[in-house]
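Asks: Dumping the structure here so I can ask a few things about it.
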Amino acid sequence: MDLSLSTRTVGDRTVVEVGGEIDVYTAPKLREQLVELVNDGNFHLVVDMEGVDFLDSTGLGVLVGGLKRVRAHEGSLRLVCNQERILKIFRITGLTKVFPIHSSVDEAVAATD
Amino acid sequence: MATVELRFSALPEHVRTARLVAAAVARRAGVDEAVLDEVRLAVGEACSRAVGLHQSGGISAPVTVVLTEEEKQFSIQVGDEARHQPLHAVGAPGVVDEVDAEEDEMGLAVISGLVDDVEVTAGEDGGSIRMTWPTNPSPTILP
């Protein structure tokens with residue numbers, strides 16, 4: 001399975017819906033997408049991970065890179081994830097403290113700092 | 001003797017294959033279903049690391065994955081042929097640079113967070129990560 005990406009705008013947020021496997025092979029595609037969004041002036045991102053079947057440290061690295069980019073513009077990067085096996089990876093790496101993780105896109109879109 | 005041995009060119013696209021094979025063999029060996037996700041992730045991390053080391057070191061040799069089913073355990077050894085920096089030594093020429101080493105550590109952090117029994121070796125001629133999981137022996141049918 002490959003990686004699928006689609007983006008849509010909800011208010012001032014840009015929702016990136018990710019599906020499939022984020023690993024050492026597919027992560028560069030996600031990185032490109034995030035870089036492009038930030039370069040185009042989208043600084044408030046919501047990454048919807050509900051369709052993600054697999055995430056490894058390369059994928060985590062890309063998300064951290066995305067967070068650094070939006071923060072440079074006083075933006076935000078929120079995640080949507082309810083899958084225990086994906087959440088576990090954020091927990092063991094301590095990244096639950098770095099990313100706001102929401103249970104739905106609506107909740108992430110409505111959230112403010 | 002290894003139950004299954006896999007060698008693949010050090011390319012990111014083959015890491016998924018290694019994950020699938022490892023999970024399939026682990027399942028057959030009797031590794032708990034609940035742990036298979038961890039096996040997949042840990043093998044993927046170890047293989048991604050090996051691919052990165054080969055690519056940054058310009059090594060054309062394949063990455064090896066050795067899957068071994070033993071009596072009460074299942075082990076996976078991922079081997080690379082990269083020239084590793086001796087632990088805590090810096091400044092040696094031609095060895096893995098610091099940025100690579102940092103990414104390397106992220107993968108290792110995930111592995112050590114997931115797997116209780118991990119053995120990492122690194123030398124001048126290559127390194128390996130050996131991970132072991134307990135298995136549930138299939139119930140013996142009494143006559």
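Just so it is clear, glycine is given a Cβ too, placed from its N, Cα and C backbone atoms.
Residues annotated as domain 'STAS' in TrEMBL: A:3-112.
Quick one: where do these features end up spatially?
Replies: Averaged over the domain 'STAS' (A:3-112), the predicted model reaches a pLDDT of 96.
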Asks: Count the residues of the domain 'STAS' (A:3-112) that DSSP assigns to helix (H, G, I), to strand (E, B) and to coil, and report the three numbers in that order.
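Replies: Helix, strand, coil within the domain 'STAS' (A:3-112): 46 helix, 37 strand, 27 coil.
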